[in-house]
Amino acid sequence: MSSLSYDPNWTQTLTTSFMTRAFIAGLCIAVAAGIIGYFTIARQSTFAAHALAHIGLPGATGAVLLGLPVSFGMGAFALGGALVIAGLGKRASQREIATGTVLAFATGLGLYFARLSSSASQQFQSILFGSILTISPNQIVGFIVFDVILLAIMAVVYRPMLFSSLDEQVAQAKGVPITLMNVLFMAILAGVITITVPAVGTLLIFALVVTPAATANMMTASPFASMVTAMVICLISIWGGLILATMFPAPPSFAIVTLSTLFWIIMKIVEAVRNR
Amino acid sequence: MAHTDTTGACITCTDASIKRGNKLIWSEGTFTIPRGSVTAIVGTNGAGKTTLMKAELGLIPLATGSMEVLGKPAGQMNSHIGYVPQTYTTEVDSSLTAEQSVLLGLTGTRFGIHIVTKAQKRKAYEAMEFIGIADKAKMRLSELSGGLRQRVAIAQALVSDPELLMLDEPLANLDLVSQRATVHILAKLNRELHMTIQAVAHDLNMLLPILTGAVYLLDGHPHYANLNKVLDSRLLTHLYGTNVQVVTTPQGDMFVKPTSDRLPNVSQHTHKAEELAFLHNTGTTPKGQA
């Protein structure tokens, strides 16, 4: 493949079944990432989000080694890591050195597991950088189930979760169970990361979970509106990225992350001009 | 804004003590703070001022003794308490508007799906109006100064009609204008809504004009005293471990200061407790003593 070429048959490619699955997966990911992204920023846990993806890496490659589904190992390790971070308290998610050290070690361990078998080695790159075009029908079902559960939980805990994220001390004094909220948040974050990794991989996940939420925060001030806006930005990034990567053959992850970053930069400039 | 009962005790502490791990923070806390009072919790750094406030909120368990707040064991009446922690001092990157932050004081504890009602929005607006920040309702917290963010936090505490307002270091890191504004707001809350107010403070001076008493953490024990007693120079000297003088300016303003550095053009003399109580109540110097 040359540097940048145009595929004249791109509309046909878009109608294939793997493309349809990629679009549906993108929708599921956008809904989940839009919600959790807002809370991740409000709780100042963005680095923890980045770290959880890496903590999931040895789980993912280890699962391949054992012949288990990638998402299963990824989810188990991310959830385990999330619960440990939650157990250490909310401040722990802000402890950058400890988190960074653990994520580096986890990435190394992931590499080690990947080199132990040829099948894990083959999947290593797609776990790191995503492969949204190879998502299976079973994974789609899993994504939809996850989104339904997430929306159901959010319908119940939305306001206390918001209060504890934005004003933890006051929320605690007012009787909000902040420990439960913290554990729940971390567990949901682990879940969102697990379903987002197949799209963009562990290395680029920040751009889908955190960046759209940050862009949305600049566009609107209401938490609910911000979550919906983040979903839309995330969706445009994924769908737009898929279309662009089909028109001009390129890795979809690259196109998705580029769009997400582009929206963020545009809003940063708009904000800078607005505040001048 | 409901008028609250101004008779009787607001906080009653009986032989209370608090431990963190094996370390005794303070002990033998026995005091009663009346309703309708404005008290400061004073003491040196690390004396356990914030710990006392958290115990009153039931967030830290007592090692011994008992503590009643608004007639129930500490922690049970928290829905009637407004709490303003010191978080306004940290830089916020929050996109939240002042109005939404205040609304969380009404809606933040409710599980399930609730649409914010007109009545709730009106209530939030009234609280912001009372605090004098109604014009800032649509501004983001990240756009507001520390002083204004603190007033948003007070409005958030106020919106649920508390009987008792607790503030942790309400004047720390604020400039003089913001300090004065906060003191005026606290005075107004106490005067017009008969709210009992308690503030952790390491500097008494700005609060002096409105204080009716203070809880002072001295030698590892909390005590409560009316203003005239706590403003005794010898007691303050003992409390802070450095020489402290109570001083009045010719205008009748009083302040607490270390004795070493003398201010020019200010006549300084220490006051007797009775004299200060008189000053506090009337704002003038008693005849024959000036």
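Here the Cβ of each residue, glycine as well, is placed from N, Cα and C on the backbone.
Given the structure is predicted, the values throughout are model-derived calculations rather than measurements.
Proximity of distant same-chain residues to the transmembrane segment (A:20-41), defined by a Cβ-Cβ separation under 8 Å and at least 6 residues beyond the stretch ends, is recorded for 48-49, 132-133, 135-137, 139-140, 143-144, 146-147, 150-151, 154, 161-162, 165, 185, 188-189, 191-192, 195-196, 198-199, 208-210, 212-214, 216-217, 223, 226-235, 238-239, 242, 252. Per TrEMBL, the feature transmembrane segment maps to A:20-41 (among others).
Beyond its flanks by at least six residues, the transmembrane segment (A:62-85) meets 48, 51-53, 55-56, 92-93, 99, 102, 106, 110, 113-114, 116-117, 119-120, 123, 127, 139, 142, 183, 186-187, 189-191, 193-195, 197-198 of its own chain at Cβ-Cβ distances under 8 Å. The transmembrane segment annotation in TrEMBL covers A:62-85 (among others).
Taken from TrEMBL, the feature transmembrane segment covers A:97-114 (among others). Here the transmembrane segment (A:97-114) has Cβ contacts under 8 Å with residues 47-48, 50-51, 54-58, 60-62, 64-65, 77, 81, 85, 120-121, 123-124, 127 of the same chain, all six or more residues outside its ends.
According to TrEMBL, the feature transmembrane segment maps to A:126-158 (among others).
What TrEMBL lists as transmembrane segment is A:178-211 (among others).
What TrEMBL records for A:223-248 (among others) is transmembrane segment.
Annotation source TrEMBL lists transmembrane segment at A:254-273 (among others).
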Please indicate, using numbers and ranges, the residues of the same chain that are 6 or more beyond the transmembrane segment (A:223-248) and have a C-beta under 8 Å from a C-beta there. 4-7, 10, 13-14, 19, 22-23, 26-27, 29-31, 33-35, 37-38, 42, 132, 162, 199, 207-208, 212-213, 215-217, 254-260, 263
For the transmembrane segment (A:178-211), distant same-chain residues with Cβ under 8 A (at least six beyond the ends): 25-26, 28-29, 32-33, 36-37, 39-41, 43, 45-46, 48-50, 52-54, 56-57, 60, 70-71, 74-75, 78-79, 81-83, 85-87, 89-90, 93, 126-132, 134-135, 139, 142-143, 146, 150, 153, 157, 160-161, 164-165, 168, 171-172, 234, 237-238, 253, 256-257, 260-261, 263-264
